[in-house]
Each structure stands twice: as C-alpha cells, then as structure tokens.
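J.: Below you will find the structure I want to go over with you.
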Amino acid sequence: MYDSRGVALHSELIHRWNHAFSILSIVAFPKKRLLFAGSQDSKILVFDLPTYNLIHTIRLGESQEETHTRSSVLCLTGSEDENFLFSGGADSLVRIWSIGEKTIRDDFLPVTEIATVYSVTDIGDIFSLAYLDSLETIVFGCQNASLLYVENLIQKIEKKSSDGVENINKLPHRRYDKFFDSLGPTGYSSNSLSQTSLTSLQENCGAAIIEVPSENIIKYAHYGFIYSINKLCPRFNQLLEKSSRTSGAEHIISSAGDGISKLWEFSKDKGQNTVKISLINDKIDNEDSVISQTIEFPFLYCGLTDGIIKIWDLNTQQIISTLKTKHESDVISISVYMDHVFAIDESGITHFYQNQVNHWNPQQGKILSSEIFSKSNAGSVSLLTGGSDGSLTLWDITSLLSAVPLSSNSPINASSTLQTTNLWAAYQSASLNNEEMLNTLRELISFQTVSQSKDTTNTLSLRRCAIYLQQLFLKFGATNSQLFPLPDGGNPVVFAYFQGNGKVSQVKGAKKKRILWYGHYDVISSGNTFNWNTDPFTLTCENGYLKGRGVSDNKGPLVSAIHSVAYLFQQGELVNDVVFLVEGSEEIGSASLKQVCEKYHDIIGKDIDWILLSNSTWVDQEHPCLNYGLRGVINAQIKVWSDKPDGHSGLNGGVYDEPMVNLVKIVSKLQNEQNEIMIPNFYSPLKDLTEEEYQRFQKITELANIDENTTVQDLITNWTKPSLSMTTVKFSGPGNITVIPKSVTMGISIRLVPEQSVEQVKRDLKAYLEESFKQLKSQNHLEIKVLNEAEGWLGDPTNHAYQILKDEITTAWDVEPLLVREGGSISCLRMLERIFDAPAVQIPCGQSTDNGHLANENLRIKNWSNLTEILSKVFNRL
C-alpha cells in the first residue's frame, strides 16, 4: 500500500518461518548471512539467509530429546566479528558459542558451546546482554535488578576450557533448592534438573564454566528488572568532557522497570588485568518503566508502557521528542534506522517517520522481538520480528526508507552496531581549498536544521548537525569541543576552542588575543520546494555558485571560519586563541543563548577581545562591505477578544462591542497621518546623524549598484531611524465577510535603533495600548504579547579590527569595502558584547541576491573562498 507521494505505507513480507513455541529473542549476523532466534522451548534456531533454510538447532539445558522451557532464551547478542554468540535466559546462565563458517555444499555450520557463565547469587532471569569487544567483556542485566559482568572473557575461556568439574555443581540448575528439591510425598528425591545433560555438556563439549566474580556484581544497579542494555560506539568517549575521558573505555546504557536509563563506563584498571565499572550518568528519567530501548547515536529511544516512546539526546541528556502508538500497550521492542522508528506492541508494528504514522498487524500473535539488518552487499534493509505464535517473519522495509540512501558496502545491524556515517572519523587535516571545504559544507547542508519546525524529523536533524559540528571541531584538532544544553531543552550550542600555537609578535607589549566567532547552524524553512530549482538540502555547485538552504545564512560562512582557524592551527601558525559559539536557534530569536553564555562564561572565556561574525550580505553584487550597525526589533501580537461567540453582521451587527472594531481603533493610534509613531517617549533617545556617517551613506549611493531611485535619505531612514509595521491579522471564525469574529489578533514589528531601550519601548507600548483600549470602555479583553526582541547594535568602524578587515578585504578584492548599516536585526549581537565585554565586528560574505530566507538561496563561490582567505589573515593579525 502506498500514500499519495508514492511512498510505501508498510513493508513487504519476504519470508515466514514457523516454530511450535514463542520466539523471544533474535539477532542477525549479516556478514555470515545467518539469523539466530531464541525460543521459549530452550532452543536457538539458526537460519541461512540466502536460502531461508533452518540449518541448525541449538538445544539448551536438557537432553536432546526432551522439550522444556526451563532455559527459555530471553536475549541474544553477538561479537562484532560474528565469531561468538551469547545467550541469556530463564536459567540464570549466559552461554557462549563459537560460530564457524558455513560450508556451501552441505550447509554445515560449526557451532560449539565454549563457555557457561554463572553467578553464585540468585539473579533470576537474564533479560539483557551486551558484549564489549575491545575489553572482551560480557555484561548482563537481571531480574533481581543486578548488573553483572565478566572481563577478559576469551582469555578465561581459553584458560579454563579443560577445567570445570569443581564448578559445575555451583550452576543454578545444580544447586539444592529447599522448595523444588525437597522430599515429596513419596519421601524420595529426584535427580536435580539438567544434572545429566550438564554432565554430558561438560564431558562432550569441554565448555568452560566461569563464575562471575563477586566484585563484578552491581547489586541494585536499578530498582526494577533490567530489561535493556545497549552499548555505545567506543568513540563516544570523545563526547565526554576532557577531564572525564578514559582511554580505551567502553560504555553501555541500561534501562529498567524503575524508568531510569543509566550510562556506565567500563575501563581497564591501570596496572591490573581487570575491568572496572563506573556510573557516569543516571539523570535520564523516563518516569515510567522502560520495556525496550535502542540507540541510533546520538539518540536513545526508550519504549515505555501505554505506547509511549521517548527520544533522548545522549550528549545533553535532554528529552527531545515523544512518540505515541495508537494502541496504549507496552512497547515490547523498538528498532530504528535513519530516523525511521519501528515500535512493537501487542497490536503489531507502528512505523514513525517525518510526522507520518503507519501501522500494520503481521498476524504473529503478540510480537516479542525485533531487529533491523541488511543482507551483506544486498543493498536492502530488512526488519525481523518474532511472535508469541512461534512465527519469525522477515520484512523488506527498503520501500519505507525510499528517502534514505542505502549503502551496499557495509552490513547493518541496528541493535549491535551504531549507525554513524563518517561522524567518527579520526584526525582530519583541514585545508583552505574549495574541494575540502565543499565536503564539509555538503554535510552541513544535508542536515534539515529548520528550528521553526517542531516535528521530530527536524528536531533530530538539528541534534545530528550539532554532533557533526562538535566532531568536526575535534577532528580538526580543537583543544575542547562540547555541546551546551539549553535550559528549555532546545537545540544545543556548539562550543569549540582552538588554542593559539603560533609565535606572538615580538613587539613590546604584544600578547595573545582571544577571539570569539559566532555562527548558527539552524536555517529558515525551505517553503514550497516547487519554487526551488534544486533540492534545498542537497548542496549544488552550478555556474560559480553554491545553492541550497543555508549556504549563505549561515552554514557557508561558518565553514569558511572553521577551515581558516583549523588550517592555521594544524600548521602551527594560529597566533591567537579562537573560540566558536555556534547556536541552533538564531532563526527563532536565540531565546536561551544569554543563559548559556552566562552559565558557561568561564569555559567560553573571561577575556574575550573580539567577537566576529558573518551573518549578512553586501548591499549589491559588486562591492564588498563591512557592517557596523543593525536595528533592533520588537515583534508583538495585539489580541482583542469577546466572551461572546462569533456573530453574524445581520443579527448581531451594532448590538455589542466588536473585537475587530476595537482593535482597529487602538492600532490606528500607533501612528499619525504623517506616519510618525505615537508611542510616548519613542523618539526621545534618538541622536542626529553625524556628518561623517552622512558622507559614508553618500558614498554608498554613488558607488553601489542599487536602485537608482534610492537616495541618501532612504538609507538614513532604513538604517538609522525606527519604524513600525503592521504585518499580520488573524481572526476566529470561517472568514466569511458576514461573520463578526469573537477574537482578532494583529502582529506588529517595531524596528528600533541602537539608542533606544528595548525594555523601555516595551513598557511604553503596553501602557499606551492599554490606555487607548481603556478609553473605549469596551466589554472585550486586550492582550499584548511580545514574541521576540533584539537590541539594536552599533559598532565602531574606526577601531583596530575594522581597520585590519578593511586592509585584508581590499587586498582580496582590489577595492575598499563599503561601510554599511542594515535595517535588519541579529537578536544576540548586543547581548554577546555585553556579556563578554568585547566589541563585535560583522563581516558580510554574500551578495545582495543571495536569497537568504527565500527560495533558491545561493552564495557565489568566489565570495566564499575569499572570505576564507581574509579570515585566515585576520585571525592572526588581531
């Protein structure tokens, strides 16, 4: 079945296997093209993917003939090289098998049980497993809320493979139990469960019997059954603060019935051949039992009761989205691939992607397990599900992932390996050539970082972009890079620090400076893509221009700055310290940036000397510019509403005060017939334009290729005078011309100049409107709401930084830059100056035709590469 876009609504069934008992756990070995399914009747079924045949059955715990459920296989996992299979279950044992290579001729698969791991304490059922390959450590979570682990497992197996007789009677099945092993009515006791079979196992297989050391048992690791354990990519270590990093450490996340998801670190104990465990974080509280979980880094997906799925950012430990299935039942299993979420509950499979929710029932009774994987080199992705009716079904979900590029070069196993593209590459050299920079920009543009959108897809994309930038800084050699979480749970701020390593000038009194580069990774929505000539989120290089959403505002200039600094640093030529502050909420007003800067002030730097940014364009297509002034803004909504419902002009017209009439009357008092703004004290702080500034504006009208009708007075009005615009009107009701709406809302946008106080104008505006409304003596109600605001900014175009930039721009373009101001606003600029007590300098990059917030956003490559060259000089000269 397909939707109106031709995208499949659910997957196609590839194959179905049937078994007499429930399928409780599954794991795929894509490279060996094998599937393993753990069953309720103490078996592990092994299937060959190319032929779909059952080629082997592993029987656990009892004789080869007897069917029983005492060793039900509740969880399975494998090593990354697929040479080892691990199982845990109802018998409190972890079993380990060596998996050989299947012979092509007769489908023979060498499977050898090489070890059994047990605990001397009663741990109950084993619900979850993870194998940490680099540490050869198996970790498992249990019914009694304990977390257990055995390190150096392969070494211990090799050492103890012929020694197990003294330990075999300590296994849970061999211990005397006062209840189960008591004398019955006959007065005789029967043989202990599995006594014969375990002896047979010991004699025939030579499997090692390994006891979990008591010091490796974390009692009450949770306060509930530990249902899930997932391991993190070893390079997750890079995301920790430098002081907290442990070389060679591995990490897991455990989740349990207590609702807490805990981050644990496993690391080699220095000087000893042991592994120690540390609890790193226990702040992720789902406030409900976690039945299942999976990781698609950097996100943790927790399946809860009542069909709830919570998505957490592991970097900031913040919840970023919540999904809900239509059927309010436990999310028994969850699988994720490239933001496609497959949630399993008793009603079937629910697929979430881009605000689309599709559901289908595979008719498997109650589905108990799931996994996403791909056949090696097949280029297709499959979903495997196991049901209570004994069925194991394989679904082709490639059509569901039609918007996602699939790679056939590497197998996918979403439960055991992390889906990360080139995110975790090691140290990378930085270059100032366009090809290297294009690779970085191409990655950045591919992230759909629309901060105005609250849908899950954009939210995840914004977080992925932040992680990408953090890793990019680290790969380029940044001394420190981390994400600063926003207090409201919004998009994190990316921080990076490059410590100057070049020689400081020998001039007397010269010292190293600390420069802050501000940028943002969020973008405006692309709108209707039919208005674009190219895909807005795929970088296109055409006719000397970069095209895509964000190339000009602000990802293109950001890449120029990053590569400039990284190149100097890697060459050992970065004279000054440079810090980057890159936010993800600029397009929605930078609401929490101030709190972040104040909280992390000491990390960012107490002694910032200069603030640089490139967040605007030239005034034309030909003349480079330096910007030294921006207007401020107050965007507000004025709402008038009635207690009465929508009315009819024929029945109710003239009977009572109408909200629309009230609103028109009060907003009409905001300006007089000469378009002067009537808010009290509005013009009082304004200063006259200096002769020097007038001459600058005169020069712009003479040199710049702008509208020939534009006068100096037009520039003065747009750049240095305040204004008030009435921008939107919304009302209740159907919009018919005869309907009197019960509520009406008007949007206004007030542009301020640097001399004006935003707080004072807000107070005066509110008081003026309230007094005007009071004079109407209306029975209706008034509400004034400020949506966002920004202070005006005025730099000093004669200071040291502007002079250096003027020199370098002149060298790069063979023409002096125009000194300009703008009528627009950057909400955080004045705030950054005030918090860090440093002057800001605005360096426009693109041309006036960049279409920053419009369709077909573009940036001339020459402008982009020249900015990079300019910055590589400026960062050292300041």
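Yeah, the Cβs are placed from backbone N, Cα and C, and that goes for glycine too.
When I checked Swiss-Prot for this same protein, it listed these features:
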| type | residues | note |
| --- | --- | --- |
| ACT_SITE | Asp522 | active site |
| ACT_SITE | Glu586 | active site, proton acceptor |
| BINDING | His520, Asp553 | Zn(2+) 2 binding site |
| BINDING | Asp553, Glu587, His853 | Zn(2+) 1 binding site |
| REPEAT | 18-57 | repeat 'WD 1' |
| REPEAT | 68-107 | repeat 'WD 2' |
| REPEAT | 235-274 | repeat 'WD 3' |
| REPEAT | 282-322 | repeat 'WD 4' |
| REPEAT | 362-405 | repeat 'WD 5' |
| REPEAT | 608-651 | repeat 'WD 6' |
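Describe the structural context of each listed feature in the structure shown, including burial, neighbouring residues and relevant distances.
T.: Neighbour list (Asp522 (active site), Cβ cut-off 8 Å, at least 6 residues apart, same chain): Thr449, Val450, Ser451, Leu462, Asn491, Glu583, Gly584, Ser585, Glu586, Glu587, Ile588.
A helical conformation is recorded for Glu586 (active site, proton acceptor) in the three-state DSSP classification.
A sphere of 10 angstroms centred on the C-beta of Asp553 (Zn(2+) 2 binding site) encloses 26 other C-beta atoms.
Of all Cβ atoms in the shown protein chains, 20 besides its own fall within 10 Å of the Cβ of Glu587 (Zn(2+) 1 binding site).
Looking just at the repeat 'WD 1' (18-57), the mean pLDDT is 94.
Residue counts for the repeat 'WD 2' (68-107) by DSSP state, with H, G and I taken as helix and E and B as strand, are 0 helix, 18 strand, 22 coil.
Counting residues 6+ beyond its ends, the repeat 'WD 4' (282-322) has Cβ neighbours under 8 Å at 224, 227-228, 230, 232-233, 236, 239, 253, 255-263, 328-339, 341, 343-345, 350, 352, 414-415, 418-420, 423, 456, 459-460, 463-464, 466-467, 470, 483, 485, 489, 492 in the same chain.
Away from its own ends, the repeat 'WD 6' (608-651) comes close to residues 513-520, 552-554, 557-558, 560-561, 579, 586, 657-660, 662-663, 666-667, 700, 703-706, 719-720, 722, 732-733, 738-754, 756, 758, 761-762, 765, 769, 773, 778-797, 801-802, 805-806, 809, 812-813, 815, 817-827, 829-830, 832-833, 836-850, 852, 867, 871, 874, 878 of its chain (Cβ-Cβ under 8 Å, at least six residues beyond either end).
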J.: So which other residues, same chain and not among Asp553, Glu587, His853, have a Cβ within 8 Å of the centroid of the Cβ atoms at the Zn(2+) 1 site?
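T.: Same chain, not in Asp553, Glu587, His853, Cβ within 8 Å: Val523, Ile524, Asn554, Glu586, Gly852.
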J.: To the nearest Å, how far is the Cα of Asp553 (Zn(2+) 2 binding site) from the Cα of His853 (Zn(2+) 1 binding site)?
T.: 8
J.: Using a Cβ-Cβ cut-off under 8 angstroms and a sequence gap of six or more, which residues of the chain neighbour His853 (Zn(2+) 1 binding site)?
T.: Ile524, Asp553
J.: Are there any residues in the same chain, six or more apart in sequence, whose C-beta is under 8 angstroms from the C-beta of His520 (Zn(2+) 2 binding site), and if so which?
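T.: The answer is Asn554, Leu558, Val582, Glu583, Gly584, Ser585, Glu586, Glu587, Asn615.
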J.: Per DSSP, what is the helix/strand/coil residue tally across the repeat 'WD 6' (608-651)?
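T.: Grouping H, G, I as helix and E, B as strand yields 3 helix, 23 strand, 18 coil.
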J.: Can you break down the repeat 'WD 1' (18-57) into helix, strand and coil residue counts using DSSP?
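T.: Each residue of the repeat 'WD 1' (18-57) counted once, the result is 0 helix, 25 strand, 15 coil.
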J.: In the repeat 'WD 4' (282-322), how many residues does DSSP put in helix, strand and coil?
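T.: Helix/strand/coil tally for the repeat 'WD 4' (282-322): 0 helix, 25 strand, 16 coil.
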